[in-house]
Ligand code: 5AD
Ligand code: SF4
């Protein structure tokens, strides 16, 4: 996976909440940590709970049920959850003293990894549900109300997606014109630094018909851009109606036929699973956005081997050349780890050279931190913290420069922009460029501005590149 990271957790936005408030029913507050798959899971959990009479709230004080949908990829992830649980315990005491219900649940990858330990260390918690069992939440809540705490962390044999209410019932305008759709979960790659194979389990692909059905429902609810998610999304495999084996390239072609969906993306991919048909889709599928998150982690073959990445730096570079040959417009993003055990100055310079050679439009980079239970944690020659920091600094300086250069090269281009939400300033509307950069327009300044609305796809000309976003004006026709 790839990298659990679908897109890696954004450190600036430590956690997100989502939801719309409603009236007399019980209310659930969901706090989502980590990657896009957790964002998707949170939405599906609230769908499941909506069918059971819960409405969402974004105000913690109003909630009868709070779910922490946790991420385990970063260092001290579990400790951060325990400290959040300490705060919630105090709130629970106060609410219970007023005679009000306040159920606390932990879901997601920390729930999977810690299991019963959570109830031992944080007795105020009522339920612990792993990522493969959240379709059982309504039943678990009934158990809790009858006084039984519940821990559900089995890798379920049943297909949770079959047991969840269909999304169009719950997809409201508040979910906007973009959506995630999980097509694949889990990972069998076992990179030696990564917890994902242990928290999300082994690779499973959802069947074609189930995915197409969900995509149609999302399109029917107004979604125009769909991001297909998987820890190892390009390992997706299935069969078509005639029983032929197909891969992600064919899945994208099937989804591209759905009316109303205009833009498709997928994340996260492993270099080993980029097959010819998927690469070809970047030339033939006009709805597929020219952007690919393709983590490499290191540019040193020695370190790649120790990481069990199953590819060399040369394999990766050759792959990048093949993808760019079919679509020269395509922008790449990546994930990097510095200071993996045994990484020498020379290994690190190899990574810097690979970055120079590829040229990334966007990247996520991390200092290696050992995860208990992963093989990397037991390797000798851990790199001192200061050395990791120095390397990360140099690497990020180079990556930020590439990102800025890429953004500057966008100035003057006319692009299609899907308006996703209102901006921070009055009159601003925000969307994403084909290359996933946020693009801000000032609708007031255009003749057609007052008619623009969220969900429109419009032509804009990029006028300026800021540090994190692009600015654009409507290209009047
Ligand atoms: N230490 C540092 N970075 C890690 N990642 C995953 N596990 C670790 C770890 N133990 C990074 C990888 C991955 C991204 C989601 O997080 O770069 O692609
Ligand atoms: Fe990605 Fe490797 Fe982790 Fe699998 S084990 S999720 S391929 S980083």
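Glycine is no exception: its Cβ is also placed from the backbone N, Cα and C atoms.
Caution: TrEMBL annotation is automatic and unverified by curators.
Feature annotations, reproduced from TrEMBL:
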- 26-146: domain 'MTTase N-terminal' (DOMAIN)
- 35, 71, 109: [4Fe-4S] cluster 1 binding site (BINDING)
- 173-405: domain 'Radical SAM core' (DOMAIN)
- 187, 191, 194: [4Fe-4S] cluster 2 binding site (BINDING)
- 408-476: domain 'TRAM' (DOMAIN)
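The average per-residue pLDDT of the prediction over the domain 'MTTase N-terminal' (26-146) is 92, rounded to a whole number. Taking 71, 187, 191, 194 as the candidate binding-site residues, the subset whose CB lies under 6 angstroms from any atom of ligand 2 consists of 187, 191, 194. Counting residue by residue with DSSP, the domain 'TRAM' (408-476) contains 9 helix, 33 strand, 27 coil. Here residue 194 ([4Fe-4S] cluster 2 binding site) is positioned 14 angstrom away from residue 35 ([4Fe-4S] cluster 1 binding site), judged by their C-alpha atoms.
A Cβ distance below 6 Å to any atom of ligand 1 is met, among the binding-site residues 35, 71, 109, 187, 194, by 194.
Summarising the environment of residue 71 ([4Fe-4S] cluster 1 binding site), the number of other Cβ atoms within 10 Å of its Cβ, over all protein chains shown, is 26. Taken through DSSP, the domain 'MTTase N-terminal' (26-146) splits into 62 helix, 26 strand, 33 coil.
The shortest Cα-Cα distance from residue 71 ([4Fe-4S] cluster 1 binding site) to any of the binding-site residues (187, 191, 194) is found for 194. Between the C-alpha atoms of residue 187 ([4Fe-4S] cluster 2 binding site) and residue 109 ([4Fe-4S] cluster 1 binding site), the distance comes to 13 Å. Its Cβ taken as reference, residue 35 ([4Fe-4S] cluster 1 binding site) is surrounded by 27 other Cβ atoms within 10 Å in the chains shown. For the pair residue 109 ([4Fe-4S] cluster 1 binding site) and residue 194 ([4Fe-4S] cluster 2 binding site), the C-alpha distance works out to 12 angstrom.
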